[in-house]
Amino acid sequence: MASSSHRYFALLALFAVSLKFCYCQNETTDGAGWGTAGVTWYGEPLGAGSTGGACGFAVANPPLYGMVSAGGPSVFNNGIGCGTCFQILCNGHPACSRRPITVTITDECPGGPCASEPAHFDLSGKAMGALARPGQGDRLRSAGVLRVYYIRVECLYRRTNIAFRMDPGANPYYISFVVEYENGDGDLAYTEIQPAGGTFIPMQEMRSAVWKVNSGSPLTGPFNIRLTSAESHNVVVAYNVIPANWKPNETYRSVVNFK
């Protein structure tokens, strides 16, 4: 009888673990399970990493709040990884909280351990501290390269809509901007711009999350922007989001986002 009871409770435990695993898998955008990666950190111990980074995002402000990471070559993926979101779970060090955190890829980590491992995340100091138990952030930051579990998840920026930050070199003949805070996939397959009185024009991804269009004649606003997500192929249109009197370096917020 004792042996039967033991097997019964073992099966219950296995079933509970399976349910938890399936729940985590359902949050992924590509259906893959948890993988293993190396983790380091950079910048100030409580800071948001680099300002802007290779992706050009404003990393310290809401909704990112410094919970960001640079990605090694496989994660950054020549800029395609900009804006994608990952959960990271640390449980191999005594200071680990064993609770997952979510980070957004905002920068590139091209060398050192980032390039020597199949997957690597170089977290901001703030994000690294968030992996730790209360009061153990400094201990975890001084641990060197950590082994963690990671999984791709959908981005979810609550109460935040997609924003367009104009490139410093943008002008009426050359319109370029960074697309920020997309829910869902976090990366885009297509970006199209529609000037006043015109039709939608395909834009080119110049670098990372920056999209551009070169025009033989000046384009005038207000502009509509149509976005297509890379994996789910969902489409949203931000109407009149960039005004006629737009300026370089300014950020224009839409009233839409992917669900």
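Glycine is treated like the rest: Cβ placed from N, Cα and C.
Per Swiss-Prot, the feature disulfide bond maps to Cys55-Cys82 (among others); the stated evidence is sequence analysis. In the three-state DSSP scheme, Cys82 (disulfide bond) is classed as coil.
Sequence-distant neighbours of Cys155 (disulfide bond) (same chain, 6+ residues apart, CB-CB distance under 8 A): Gly83, Thr84, Cys85, Thr104, Tyr181, Glu182, Asn183, Gly184, Asp185, Gly186. Reduced to three states, the DSSP call for Cys155 (disulfide bond) is strand. Residues or ranges marked as disulfide bond by Swiss-Prot on the basis of sequence analysis: Cys85-Cys155 (among others).
According to Swiss-Prot, the disulfide bond annotation covers Cys90-Cys96 (among others), on the basis of sequence analysis. Sequence-distant neighbours of Cys96 (disulfide bond): residues of the same chain at least 6 apart with a C-beta under 8 Å from its C-beta are Cys90, Leu131, Ala132, Arg133, Leu140, Leu146.
Look at Swiss-Prot and you will find 52-160 tagged as domain 'Expansin-like EG45', backed by sequence analysis.
The domain 'Expansin-like CBD' feature in Swiss-Prot is assigned to 173-254; the stated evidence is sequence analysis. Confidence across the domain 'Expansin-like CBD' (173-254), taken as the mean pLDDT and rounded to a whole number, stands at 96.
According to Swiss-Prot, the feature N-linked glycosylation site maps to Asn26 (among others), an assignment based on sequence analysis.
What Swiss-Prot lists as N-linked glycosylation site is Asn249 (among others), and the listing cites sequence analysis. Listed in sequence order, Arg165, Met166, Pro168 are the same-chain residues at least 6 apart in sequence whose CB falls under 8 Å from the CB of Asn249 (N-linked glycosylation site).
The signal peptide annotation in Swiss-Prot covers 1-24.
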Neighbouring C-beta atoms (10 Å sphere around the C-beta of Cys85 (disulfide bond)): 23
